[in-house]
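Presented below is the structure to which this report refers.
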Amino acid sequence: MTTEIRWPEPYVTEALRAVRDTSPLVFGLTNYITAGLNANMVLAVGGSPAIGGNPAAVRPLATAAGGVWINLAAQVTDSPELLLDAARTAHAAGTRWVLDPVTVGAGISVSDDLAAELIGSVPPTAVRGNASEIIALAGGSATSRGVDATATAEDAVPYARRLATRTGSVIAISGPTDYVTDGEQVVAVPGGHRWLTRVTGAGCSLGALVAAFLAPGTDPLRATVAAHAVLAVAAERSALISRGTGTFAANVLDELTILSEGL
Amino acid sequence: MTTEIRWPEPYVTEALRAVRDTSPLVFGLTNYITAGLNANMVLAVGGSPAIGGNPAAVRPLATAAGGVWINLAAQVTDSPELLLDAARTAHAAGTRWVLDPVTVGAGISVSDDLAAELIGSVPPTAVRGNASEIIALAGGSATSRGVDATATAEDAVPYARRLATRTGSVIAISGPTDYVTDGEQVVAVPGGHRWLTRVTGAGCSLGALVAAFLAPGTDPLRATVAAHAVLAVAAERSALISRGTGTFAANVLDELTILSEGL
Amino acid sequence: MTTEIRWPEPYVTEALRAVRDTSPLVFGLTNYITAGLNANMVLAVGGSPAIGGNPAAVRPLATAAGGVWINLAAQVTDSPELLLDAARTAHAAGTRWVLDPVTVGAGISVSDDLAAELIGSVPPTAVRGNASEIIALAGGSATSRGVDATATAEDAVPYARRLATRTGSVIAISGPTDYVTDGEQVVAVPGGHRWLTRVTGAGCSLGALVAAFLAPGTDPLRATVAAHAVLAVAAERSALISRGTGTFAANVLDELTILSEGL
């Protein structure tokens, strides 16, 4: 059963209001290319981001945070042990955490092994990836090239459902229409804009936004859907007033600010 | 005695002109999230920034630079030894340097210890932080969460004065109104905009700007005040023409460009 | 013999169309300050960038990529061995690669030695630097301060020709007018805007763009000229509608988007 959700669905606006009103600390491990935009997106919806793999800070932050996201692209600067440590700390502390399986299935075995270990030992509250990554995570075969997808989001839905059922995680697939599932319900989130794939870190920001939306205790499926629906409408509105990818990125942050402050 | 200073106070415009005309090399150690915006702010006022912890480059750069800033958030990628080495090199070379005590007082003991050692052994020309950080540095008790402040800037003024007297450093506290003191005089710098706290690295850019304004040899109190007053007016003007945090950040850089090039 | 080339020279538009239509994977090693803008520039012209020194990913990416760029500023986070490994892998795989000799000639011997070893053992398809860097690479004497140039681009042309003849690489010099040479022909690319030197990473983005333009198999001299001509016209057009360096950077990305999507 697939339902379609878009802004201003009441539970979406409610989830955004909860982020703004609680301003949760959201801790992320990601790579340096995406970190600035990820942090600015979280700030624009009212959260308090902290990013970075200082080993002395990972445990205190993963414990204190309301939500944690781990983007496997963090491996550019952080060791697999550090990422595992952050996930285990979040899991032990009861902190909801999000896995962004960037490069899984791309033929970089260290990523595949790390993702499998994370999902197997300390299952994330939610996983957010593109179609190829989700298919690969679910044990299917797909080719992924860096952060690009070659399979469609629709192709990945059955894999996402199986993965959600097996792990208990909410699984989200990014595409022209995004899909979010808990294994039973499938929610389609239309909207967004193709320029989100032409701004580095824009897609990865969904991992950070999902962590922010999970932090206030919102139902995990609804929180994950809400994060996607908020970015989708911000991107749609931004595209209407932008000439290219540069002002588009700035205007997406503006639109998130307006959505958050206007509630 | 508190005086209030804002653009276009003559010594502020003079300090900005000195940066533009001498285009000082300003060397910073900070983390990768803030580095891009920090560098662009220094460039917008006419300075020449260099950032980064390549161990082979730290000593030559800290020696050659007109000003150095060390943001403790650099610990995400750089070792404490490297930060100490940079500060000692600057101190030995007579290069003015600025400490941004991010996370001091946040319960991350490695930061507190490092800050204490830096201040004790090679006192910075200026320290720039939020209220919680300055209170913690001065030995008071406050809670700081990452880069957020829970104490007000006004609360921190007596701590800042004591810290300035003890160390000989100029101490600056960021807030809705900023305060800068050398232990005797207290200068209030009104202005700015709350969105400066919703753009990652915007507050941290003050550390870089203070280093740039110190470089030409301007009186340390006046240079620190000037850096704050310039960012405050740029942020105020930017907010008037921005819809949210994305265009706000771009417009702050524009306003700094206009102030610098218009002199 | 010097010829002048600017947009919309047919071979320039053809080279841009080839990037857009093939969307090559372009792999870069650079530092964290420039990485975001570099990636966004490559995305804006239609390429697929991947950046970063995860040791497990360097060889697969340098092999799979259509073009590789190595910016010596990567030494802030990556070891010289990793940069050599990437260049050797690209060379062995027949992947065209670009060297950006940031800081060569600046008195940081590790950079000079690494550049000499790279050029001597696995000659790049193209080298892109400022005048001081190119003069130093060619064995002349110049002073370079970080990424700033003190010699003019015109001064560097004879050095660039000698270096091109000796190495077989195309050599490009950035300046108010850029010069590109294969040792015989010298192509002048006018345009651009001085604000390109006031946005961190904007100049470095040329290394990434040259790698993107080389990837489809275009003649190396023409591909290198085309990358410079495309950025030059985007910067010129952006400056006409920008108040300062913040909106200028966003508008450069917009203009690149418009050039690429409008073909």
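Keep in mind that glycine also has a Cβ here, set from the backbone N, Cα and C atoms.
Given the structure is predicted, the values throughout are model-derived calculations rather than measurements.
Feature annotation from TrEMBL assigns ATP binding site to C:Arg128, C:Ser174. The annotation substrate binding site is assigned in TrEMBL to C:Gly201.
Long-range Cβ neighbours of C:Arg128 (ATP binding site) (same chain, at least 6 residues apart, Cβ-Cβ under 8 Å): C:Val98, C:Leu99, C:Asp100, C:Ala172, C:Ser174, C:Leu206, C:Gly207, C:Val210, C:Thr224.
In the shown protein chains, 29 other C-beta atoms lie within 10 A of the C-beta of C:Ser174 (ATP binding site). Checking the binding-site residues C:Arg128, C:Ser174, C:Gly201 against chain B with a Cβ-Cβ cut-off under 8 Å leaves C:Gly201, in sequence order. Around the Cβ of C:Gly201 (substrate binding site), the number of neighbouring Cβ atoms within 10 Å comes to 26. DSSP classifies the residue listed as 'substrate binding site' as coil under the three-state reduction. In the three-state DSSP scheme, C:Arg128 (ATP binding site) falls into the strand class.
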